[in-house]
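> Quick one: structure below, then a few questions.
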Ligand code: FUB
Ligand code: ZN
């Protein structure tokens, strides 16, 4: 009997290439329907993929050229003199990832110019490869005095930071994508030459190391599927089995992988590893990996998943936080981690056939993941916070460009997540207007989806089998449509009233059973059969479990798969942190064609709050409150934003009272003005390292003298300064300052105040200094940074 793997490959249009290969004896029981078989032409994803092809891919290639990523290869190939390299030993991977993205994109729309360029890059990569297959420009160019992350010998610092195997992993993924998309073996030959070297050098009884940054495991699994070479799968398995227990949590090496049951450490590394464990379990049948990743998945969905699908809460080690540690303003939620989360959840679905994995995938896809790229396709987020006071802005490029190149390859692959198949079961997982052709054992089937998803829940499927044939359509009924906000109980809908979910075939209502989250329709289908699914899409207010202290007294707005946020440009005075909305406030929805490329705009009523001088009562002003999809924020310049909307005034961040400080014009020795607002926002941090409120900092400076200054609204008599220092030791680069002094402006000169109490520089508290009263128009703090660190300021008050 043919394995599903063989069947799906045959039908992927790779027949010329793939039929010569041997199907692996085992693989995932369910196989995705390849993106090449699904043609998306909706108004949501198709424009995004088009922008990826037309803007993001050329932009990323241009930046790689400009930033020297391509010159790294030219130097390794001997085409450029000298040993100048870019900053990170994983910079080669940006080229691999963009080749992967370009390969996919060129399948959707031919682009001969891009194809020629990609071919020239592949030729260059081949020239940069050492004769025995080693490919890592950072050593080849500078073998005598390598980067500090790199050992003097190959693989020496692999378990730490060298990223030698990480580079190989992305090369393999790109090579397989390029081969499958184009049928060309040019990059695949480079990849297999490199993988053969790995097989010779690494493994039991040879060099026994685990990859410091996982990804080579999934790359090897893909190479194995394409070449049938058992050693590649064996090596992927070895890299999992050799990991732990003597390493650390940062790269998931404190325990053997099969003994792990919690998501810990660097989120991208972790999630690529969980994906690899799924691959190796599927390809070898080793169930111990499954026990581990099932437990880890439960840990993530019940304790560590943002409502946006983002994972990796903390910037300290770009890592998963502790259970329920999901801060909003300081959320890290790296774009790469969202991409990895989709990869992992897709694999969990392929293993188990349960829609709950696709629910997580969809949440991530429509929210935390696509928030990583601007609507214009040329600006990006690396961390994806869930609240901002304008200090977060998209960048055109980052020195560490992992998220950008990852986006190029992911966006182009989206149609590959729509369908999957297992024998005569056809899974409809995602909803987008599209046409597709699939090969089931019972025969060929074409499916046409028509929908306005994610803006409404109506789905029309035209089922067109080539002949009358029996098969089972399994249509995913999303958790949100069943009033289950998310698997794992981390989130719930405030008003969870189940609604009927009508399904019709050829206009007639059908009774259906739900099996693992799928409506099961088994029948003899014939050309022209019409399936209509109406998902009841209402605007839901979502609450987090009370263990998430950052979300207490707040709700989030979700409609269908889309999570919304309040953003400055749509709300009074450009402010949203100071808004509260009653739990019961009705929410209206209107589709706005001209806003942010077309979105549902939500409108409700709330109040904005402001502190008062000499009173604990907040001043409140009624106002309309508008919400846009979270993914579309930060496309109109820096702005206030929040996903979680307070319904309790205590959870909101009122506007400051009109104190001397808040009425002043702040300035500082920093070039950027992004965080000046933090100085007088009147938000008390929990402690000095609290990164969940805005703060001003001088990192990466050290040992310099810096300043902050208030120019008063009018001449004022002052005699007290209170400052709360930002100090994110031991992980971060800021510490309390070595010392500081207060100066006031007198006759155009800065004069030190005469302090009557000592200057203190304590952590986790206000540092108050009193001085003889001065009448002045400006006050300045002069700050001496510590010898080895920067410092920062949460709040500066004056009286
Ligand atoms: O180490 C390579 C990449 O850089 C990681 O995947 C990202 O998280 C960033 O640290
Ligand atoms: Zn990244």
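Glycine is treated like the rest: Cβ placed from N, Cα and C.
TrEMBL annotations: computationally assigned, not manually curated.
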> Ranges 607-628, 629-650, 651-672: which does TrEMBL label region 'Disordered'?
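Feature region 'Disordered' in TrEMBL: residues 651-672.
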> Let me spell it out: take the region 'Disordered' (651-672), skip the flanking residues so only those 6+ beyond its ends count, and list any with a Cβ under 8 Å from a Cβ in it.
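Counting only partners 6 or more residues beyond its ends, the region 'Disordered' (651-672) has Cβ contacts under 8 Å with 552-554, 575, 577-580, 608-613, 618, 679-683, 696, 698, 706-713, 716, 718, 796-799.
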> Tell me the residue counts in helix, strand and coil for the compositional bias 'Low complexity' (661-672), as DSSP assigns them.
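Looking at the compositional bias 'Low complexity' (661-672) with DSSP, the answer is 0 helix, 4 strand, 8 coil.
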> Work out, from DSSP, the number of helix, strand and coil residues along the domain 'Non-reducing end beta-L-arabinofuranosidase-like GH127 middle' (426-537).
4 helix, 60 strand, 48 coil
